[in-house]
Amino acid sequence: MVTSSVASETPVGGVRRRLAAMDQGYIVAGVLLALVVVFSVTLPGFFSTANLLNAARSASVLGLLAIGMAVVVIARGLDLSVVIIMSVSCAMAVELMLAGHGEAAALGAGLLIALGLGLVNGLLVAYVEVPPLFVTLATSLLYLGFFRLVLLPKDQQAVPAGASLMTWLGRGSVLGVPSPVLVLAAAAALATWFMSRNYGRFVRAQGDNPAAAALVGLPTRPLLVSTYLVSASAAFVAGVVGVSVAGSYDLRAAVTGTQLYDVIAVVVIGGVSLAGARGSIGGVVCAALLLGVIGNAMTLLNMSVIEQSLSKAFIVLLAIVLDSLLHPRDEETARAGDM
């Protein structure tokens with residue numbers, strides 16, 4: 001006797017299937033709006049134009065990093081070197097400006113450095129077939145060690161006063177909207193457009209089933225390399241925005257900070273499955289704003305750095321556990337060990 005799969009489906013399995021099929025970006029947007037309402041009622045000073053724009057500005061660097069990471073993860077990859085690439089490429093751009101080179105040339109060189117580092121990651125993952133977890137963990141240490149030892153003798157250096165573009169990025173605004181927020185919006189719109197075209201479809205096909213994508217003729221190896229170039233480019237843009245806002249670069253933050261964990265949290269909370277193929281740029285941006293709002297609220301509550309770190313760690317763990325429950329890895333992914 002043949003038993004219907006629908007009839008035999010457990011209530012828990014049915015709920016999980018329906019949740020997994022939902023666009024998580026809408027859920028995150030709803031949670032974001034709900035928290036804004038709750039914090040506006042309970043926290044004095046939260047609901048003001050200046051504070052809300054400050055929360056969005058603080059989330060801009062995180063959002064830019066997460067957009068690049070999301071493209072890699074959708075393709076069933078992982079990039080743990082994004083924060084290091086961001087730090088060393090932007091530090092090199094600042095050092096070139098201080099050495100007398102023009103701002104445009106220095107920023108162009110910084111972008112090329114970031115792309116070169118991303119290319120190394122992509123080649124090792126796509127052609128040498130080393131799992132991205134190990135590749136990007138190792139290269140992040142290698143990149144930081146090399147640049148710190150050979151090319152960047154100082155931990156911290158201020159942006160030169162003549163850097164007009166970086167000055168605008170750090171302090172400028174359009175119609176009251178801070179420049180970093182505008183950069184995040186532009187990057188999100190561009191990434192959304194690309195992911196809605198053939199490139200995005202190919203990336204999702206690669207993330208869904210790499211073997212099947214190769215069988216139908218997709219250039220899976222170059223495609224995978226391209227995702228690491230996208231991640232590196234986004235990391236450089238994020239770094240330029242972050243350095244412009246701070247007025248200086250600080251390599252110590254790349255080692256001691258928790259930014260990488262925040263990026264992973266944003267990607268997973270935004271609905272990008274670590275199993276690949278699923279996720280949207282809009283969801284990632286909403287998740288970045290969500291963490292920005294939560295961070296802003298914790299600051300208003302005078303929570304200590306340790307308390308904030310513990311809260312973020314709990315959010316990361318919860319997001320990864322939920323992702324594993326909703327989007328379990330298939331046997332092929334488990335055998336490949338690509339995460």
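Each residue's number is its place along the chain shown, starting with 1.
Using the three backbone atoms N, Cα and C, a Cβ is placed for every residue, glycine included.
Annotated features, as they stand in TrEMBL:
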- 26-47: transmembrane segment (TRANSMEM)
- 59-75: transmembrane segment (TRANSMEM)
- 82-99: transmembrane segment (TRANSMEM)
- 105-126: transmembrane segment (TRANSMEM)
- 133-152: transmembrane segment (TRANSMEM)
- 172-194: transmembrane segment (TRANSMEM)
- 228-247: transmembrane segment (TRANSMEM)
- 259-277: transmembrane segment (TRANSMEM)
- 284-303: transmembrane segment (TRANSMEM)
Proximity of the transmembrane segment (105-126) to the transmembrane segment (59-75), 3+ C-beta pairs under 8 angstroms: no
Chain residues outside the transmembrane segment (228-247) and at least six past its termini with a C-beta under 8 angstroms from it: 57, 60-62, 64-65, 67-69, 71-72, 77, 79, 82-83, 85-87, 89-90, 93-94, 107, 110-111, 114-115, 117-119, 121-122, 125, 158-159, 166-170, 179-180, 183, 187, 191
Stretch with greatest number of CB pairs under 8 Å, the transmembrane segment (59-75) reference, 172-194, 259-277, 284-303 candidates: 259-277
The transmembrane segment (259-277) in contact with the transmembrane segment (284-303), cutoff 8 A, at least 3 CB pairs, sep 6+: yes
The transmembrane segment (26-47) versus listed stretches 82-99, 172-194, 284-303: most Cβ pairs under 8 Å: 284-303
Other parts of the chain folded back onto the transmembrane segment (82-99), taken as Cβ under 8 Å at six or more residues beyond its ends: 65, 68-69, 105-107, 109-111, 113-114, 117-118, 140-141, 143-144, 147-148, 151-152, 157, 159-160, 162-163, 231-232, 234-236, 238-240, 242-243, 248-249, 251, 253-254, 257, 259-260, 263
